[in-house]
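Since the structure comes first, as structure tokens, the remarks are kept for the end.
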Amino acid sequence: MGADGETVVLKNMLIGINLILLGSMIKPSECQLEVTTERVQRQSVEEEGGIANYNTSSKEQPVVFNHVYNINVPLDNLCSSGLEASAEQEVSAEDETLAEYMGQTSDHESQVTFTHRINFPKKACPCASSAQVLQELLSRIEMLEREVSVLRDQCNANCCQESAATGQLDYIPHCSGHGNFSFESCGCICNEGWFGKNCSEPYCPLGCSSRGVCVDGQCICDSEYSGDDCSELRCPTDCSSRGLCVDGECVCEEPYTGEDCRELRCPGDCSGKGRCANGTCLCEEGYVGEDCGQRQCLNACSGRGQCEEGLCVCEEGYQGPDCSAVAPPEDLRVAGISDRSIELEWDGPMAVTEYVISYQPTALGGLQLQQRVPGDWSGVTITELEPGLTYNISVYAVISNILSLPITAKVATHLSTPQGLQFKTITETTVEVQWEPFSFSFDGWEISFIPKNNEGGVIAQVPSDVTSFNQTGLKPGEEYIVNVVALKEQARSPPTSASVSTVIDGPTQILVRDVSDTVAFVEWIPPRAKVDFILLKYGLVGGEGGRTTFRLQPPLSQYSVQALRPGSRYEVSVSAVRGTNESDSATTQFTTEIDAPKNLRVGSRTATSLDLEWDNSEAEVQEYKVVYSTLAGEQYHEVLVPRGIGPTTRATLTDLVPGTEYGVGISAVMNSQQSVPATMNARTELDSPRDLMVTASSETSISLIWTKASGPIDHYRITFTPSSGIASEVTVPKDRTSYTLTDLEPGAEYIISVTAERGRQQSLESTVDAFTGFRPISHLHFSHVTSSSVNITWSDPSPPADRLILNYSPRDEEEEMMEVSLDATKRHAVLMGLQPATEYIVNLVAVHGTVTSEPIVGSITTGIDPPKDITISNVTKDSVMVSWSPPVASFDYYRVSYRPTQVGRLDSSVVPNTVTEFTITRLNPATEYEISLNSVRGREESERICTLVHTAMDNPVDLIATNITPTEALLQWKAPVGEVENYVIVLTHFAVAGETILVDGVSEEFRLVDLLPSTHYTATMYATNGPLTSGTISTNFSTLLDPPANLTASEVTRQSALISWQPPRAEIENYVLTYKSTDGSRKELIVDAEDTWIRLEGLLENTDYTVLLQAAQDTTWSSITSTAFTTGGRVFPHPQDCAQHLMNGDTLSGVYPIFLNGELSQKLQVYCDMTTDGGGWIVFQRRQNGQTDFFRKWADYRVGFGNVEDEFWLGLDNIHRITSQGRYELRVDMRDGQEAAFASYDRFSVEDSRNLYKLRIGSYNGTAGDSLSYHQGRPFSTEDRDNDVAVTNCAMSYKGAWWYKNCHRTNLNGKYGESRHSQGINWYHWKGHEFSIPFVEMKMRPYNHRLMAGRKRQSLQF
């Protein structure tokens, strides 16, 4: 059996048990007890007139058992009146028919609830022993309920499932809800007050207690009684509806009293300090209050405060014993001071109507001025003040036109910042600065020059009428911060500052000393400024050959200039360089000395002459000065020799002393200059004994005589050789000039030679043939044979001849014999001008008187001639080419010999006779060689011709450029084998003349600086060592493209930033600018080459950005330069007007979105004027060209029309929504050409459409006159909505739409350009009604915009 079945069984059981118990307990003869049991479900549907007796329960719904007990008293056993009184005391006066007693028992686990209601009829006597019987009944019912509860628990435990009750339950009538159905009588037993079959007819309660008449169940009571059953006594006038009637007496409500509650009661019975009059206390003197319980305050606190204990507690904004005085502002403080304004702040109550600010200079005769601000302001900025003045400032609070006592302060404005600072003249040690004068009085100026490193500085003060100053004594090349400050008493203005750098000073007192032919030593005093390098330039005066430039590192103050051209005029200058700045140069000129002749040598020598030859000086000298003397210095001789045409010059010194060593010095002479001499020592040959003659001869002796040798000698040596061939010698003292040879062979021919000797030096011999006895000239002797001359000697004839005849001719040309007549004393002759390699026939004839002897004949062949015109070319480090002209005579080959002039072996090479040039190889670099050349035929060799040559230096190798940047490159090379004094680097680019750089010989690298970016360079290099230079090597390189410089971000706002840079030095095509944010977004822009800035727009707020910039040229890109910045955030994320846009940093006028009430869903595009009178204006109307028709209907004016960037009307709905956000002010700007006017109103609003968009404006200010106040409070009118008060339709009449009244003083939406009366765009107080204003703008902004903007600026400053 289910739960529903269990519930039905329980219900039936309980009903049955209740009926049985109640029936068995109540006696019918006494009171009748009716018990009704009703089971209902909670939350069941209520029926009209009562509750249904039975409803079928569902499984989930709780079950409620209602037990109703009606105790009826038979009519024939009505109780007496005494009983009735007793009964009335037991029942409540509120009960109508029955006294009810209710009880309830619940079982929450099974959701079964038992309720019991026992009804006793009113005014009935109690049943006999009713209290005891009822108590017993209740006890048994409780026992029954407990048993049923136990039974339910058992059934819930499935103990009754087999015997659960089943069957159909009948419907029990509900007796109209005013009775219970009785099973005994099978009918309704009605409740008290009801009767009828279904208990549906009412009885009057208690029969109206016999104090009234029952009409349709309702009692109509007698006049003294009341109540539903007329059982209550009536109170007088029903307590006047101000109290409760209890047993006929009024219990009055507060604050009423009296029998009928008509009188008012006084509070606290007036505290004994007054009397009550109709509820109001009339207090005694000195007391006040509703209950007269308070002490009276002075003047009743003037109605501006509360009286507490006799003292006034004033309302906000008032003070004083009787609250009659306005409280002054508190805590007056200076928030900011400038030269022409003072910003004040104070604390004040909200009740203040306005504040009056009074200010006056403390100086005698100062004008007192006032300024008024609204009472909700807590600060003000006083403007248009005089700089450097002290002002007495008083601030008054005003309430209802009553001024408070002032709060005061004494504040001095700052001196104005000097303006127009500029520099007129800048030198190494002076700077002339000037600035603009002030228009007000002050004491003077202070000018300071402070070095950037803050070390030292100078300060000067000048009178106030001076506006320029020349500061001297500054350091050259120093950067100074220049400050100009105005002074007045103890006050100082803010400085105006600028930086200036003095010109770097150059080197001074340049001096050239120790000038030689190729070297000069340059000295200077270095500059005082810090410089990057010293630039030394020198070159020939006149510009020939260009200028050589050296970069020298400071603090170098001297330099040796080398490789100069001898005897030349040079100009040298030195200057200092720092960055791109070059100082003035110090310049001087000098002339190099003439170089001495080189390679001085003796070509040939005799006893009385020396043939000298030397290499010409490099200088263009005119002549040479030859000075010579014996080593003893007895006498100096001087001779001037013109410069030879060729590479050498020759000179012959004659009349010398034979056998004497001479010191020779040769100096080059040019104009008045003379070089140092080239010197050498040379010795003349010993003088031969001359005029050797045979004075006598015998069979065994020969007597000789000669002329004494003129030079110093030790002795003479006589050699005599007979024809037999055995030579003999004899030494003769030097003072002898004759000698007789004895013990000779008789009849023999002797060859006798006499030589002078000194030490190991021997003179040429003097030879003579002699005969012992009579002997003729026997034969000729040939010596000193050359290619063009020969020396011939012979013996003396015996006896001596009168004269001698010498004949000679080539063998093949004997018919052309040449004859030479000789003195008889001659014993030798020299034949000159002979042909080389030619056999000559020579005969000698002695003439004795008229007798001619037989000729003595001999032959001699001249030597072969040497090659001519030897030259050197193609000199390299290890080879030279020798060239020459061939000799005349035939020969077999050439022999080329060469050896170092210092120490080294002699090498030779054989060259065929068919060539005239030969390359000598395998030489040492940078070495001087002596090269000789002669021709060879058989065993015969010609004379040698010689020359000197220096082999070239070895080249440096592997020249490369590395570490290349836009302005620098590192040159590296490998040194040559030989010693290097210096390297010379010539740097060229394009067609520009090269720059020469000198590098020390020990270096193998050099850094080039200050190069031009993106430029192709050629670096050529060679080594030098003294006069020698190596071959050149070169390399090419290109500098990189230099990047833009000084990349900066400025004017950073929430969504934009200005990016600027300095362009690279190189020519470029464009820039590539990339910017990226921290969220990973990236954007690349191509920027024209001529641009140096770009404004980035549309950036994200509060975002870090990195900007990368490169320059580009063709396919070449520079390195990247970068910067970073962070965009700002919005003060107002969703601006609701243009003022908030302005405070967000949007300073450009234009179209912006606003969000009404800050809601994103109420977005509106408006035009913002960010410049007029502090900006922040929403423009809602503009007329400027007549292109837009303003004669429109209501619907257009409601939603708006036109272009917000041209002519437009924003719309009445939009204007209303904007002005509903807070207090706004209105400004109307009007222009006619150059003439302008405006009108402003400190309040502006437009009501909604239900109020026809009525206009509300405040107080006027401006220059146009107040023409709009006439329209105050007027609704808007269009041609189809006439809301004006005029007889006609103003909008129709004047072709516009406006807040017309009758009709207008201003008509800003009238017809454009219409000048007829009142038809155009009018503003009466400016241009009248017969002028149409060409330009009009209507705009609004929050009333407190100035204050908010000022506070925002202040917060940004702090």
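Using the three backbone atoms N, Cα and C, a Cβ is placed for every residue, glycine included.
What Swiss-Prot lists as signal peptide is 1-31, and the listing cites sequence analysis.
Among the features that Swiss-Prot reports, disulfide bond is placed at C292-C301 (among others), with the record citing sequence analysis. In the three-state DSSP reading, C301 (disulfide bond) counts as helix. All protein chains included, C301 (disulfide bond) registers 23 other Cβ atoms within 10 Å of its own Cβ.
According to Swiss-Prot, the feature disulfide bond maps to C297-C312 (among others), an assignment based on sequence analysis. In the three-state DSSP scheme, C312 (disulfide bond) is classed as strand. Taking a C-beta cut-off of under 8 Å and a sequence gap of six or more, C312 (disulfide bond) has these contacts in its own chain: C297, L298, C301, G305, Q306, G320, P321, D322, C323.
For C314 (disulfide bond), the count of additional Cβ atoms within 10 Å of its Cβ stands at 20 [all protein chains shown]. Per Swiss-Prot, disulfide bond is recorded for C314-C323 (among others), and the stated evidence type is sequence analysis.
Per Swiss-Prot, domain 'Fibronectin type-III 2' is recorded for 421-505, and the stated evidence type is sequence analysis.
Averaged across the domain 'Fibronectin type-III 4' (596-687), pLDDT in this predicted model comes to 88. Annotation source Swiss-Prot lists domain 'Fibronectin type-III 4' at 596-687.
For 688-777, the entry in Swiss-Prot reads domain 'Fibronectin type-III 5', with the evidence type sequence analysis.
Sequence annotations record features per position, and here Swiss-Prot assigns domain 'Fibronectin type-III 6' to 778-865 based on sequence analysis.
The annotation domain 'Fibronectin type-III 7' is assigned in Swiss-Prot to 866-955 on the grounds of sequence analysis.
Sequence annotations record features per position, and here Swiss-Prot assigns domain 'Fibronectin type-III 8' to 956-1042.
Swiss-Prot lists 1129-1344 with the feature domain 'Fibrinogen C-terminal', giving sequence analysis as the kind of evidence.
The Cβ of C297 has fewer other Cβ atoms within 10 Å than any other of the disulfide-bonded residues C292, C297, C323.
Rounded to a whole value, the Cα-Cα separation of C314 (disulfide bond) and C292 (disulfide bond) is 21 Å. Counting residues of the domain 'Fibronectin type-III 8' (956-1042) by DSSP class, helix then strand then coil, yields 0 helix, 52 strand, 35 coil. Counting residues of the domain 'Fibronectin type-III 6' (778-865) by DSSP class, helix then strand then coil, yields 6 helix, 43 strand, 39 coil.
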